[in-house]
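Here is what TrEMBL says about this protein:
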type: DOMAIN; residues: 51-293; note: domain 'G-protein coupled receptors family 1 profile'
type: TRANSMEM; residues: 40-60; note: transmembrane segment
type: TRANSMEM; residues: 72-95; note: transmembrane segment
type: TRANSMEM; residues: 115-136; note: transmembrane segment
type: TRANSMEM; residues: 157-177; note: transmembrane segment
type: TRANSMEM; residues: 183-210; note: transmembrane segment
type: TRANSMEM; residues: 231-259; note: transmembrane segment
type: TRANSMEM; residues: 271-295; note: transmembrane segment
Amino acid sequence: MSTLAPLRLLREPSNASEGNHSNATVGAGWCQRLDIPNELFLALGLVSLVENLLVVAAILKNRNLHSPTYYFICCLAVSDMLVSISNLAEMLFMLLLEHGVLVMRPSVVRHMDSVIDTLICSSVVSSLSFLGVIAVDRYITIFYALRYHSIMTLQRAVATMASVWLASTVSSAVLIAYYHSNTVLLCLIGFFLFMLVLMLVLYIHMFALARHHLHSISSQQKPPIAHRGGSLKGAVTLTILLGVFFICWGPFFFHLILIVTCPTNPFCTCFFSYFNLFLILIICNSVIDPLIYAFRSQELRRTLREVVTCSW
């Protein structure tokens, strides 16, 4: 699959090109490039597009879902949808060029490539950002339940969403312009680690509070079955949230770390050869997000059924 300009460089760093000739000989016996068919990218992109489009339509349709929490989920769905649309658009654009159906001057091709690259980077950064925003929103809901509506007002929610989209667009433009700089890669890695730590701390704190609350209730009951069942359910939910986030995003950012730390090492260059798999995981995250953050809501599921059956 053809990927955006920065990711083409990230697939196999330019400063490793000279060492790759010798490394190829060293790793020829145990390291092979993983080729993933374009059809898989296309299928996952279409599934993600349909899923997230349904989430957006359901939230817009049902006035009961017009709240900051669901607005953030809607923005996450839009971000994930843009990840799919931009990847599908780039794949179609490159296929048309390769088969001679679309003929353009090199300058126009570079301009179109930059536009698509910016859209992809912006959607990826905004998707990560809204995962963090949703975690913060849930934290406020649990620890400041009585003050939630005064803390997370509609104006603040709109300002938060606008800030995320603006910051994502600006940062993606910077990434496209300076993708060859290790400083930009370190900033991107730092952003991922910040989001990972933020979600980890907030969700563990929320789980600890829920566990303490269940313990207080179950200590007055014999046997304390509710405590064990509630703790298990909370642990499973926490594992799903953080596990999916780390599995889908971790390999790609570990790839970036290796580019900065060991671009010519044979073991690192072998890891680079699985780059397409890391992109598949990011697209899979766009497929899984609605299942975790949206479809678990009974109200939203009911509205989705109405949307699918065209009961407007």
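Cβ coordinates come from backbone N, Cα and C, glycine included.
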Legend entry - Considering the transmembrane segment (115-136), which listed stretch of 40-60, 72-95, 157-177, 183-210, 271-295 counts the most C-beta pairs under 8 Å: 72-95
Inset, instruction - Would you kindly check 72-95, 157-177, 183-210 and say which stretch has the most C-beta pairs under 8 angstroms to the transmembrane segment (271-295)? - result: 72-95
Legend entry - Taken over the domain 'G-protein coupled receptors family 1 profile' (51-293), the model's mean pLDDT: 81
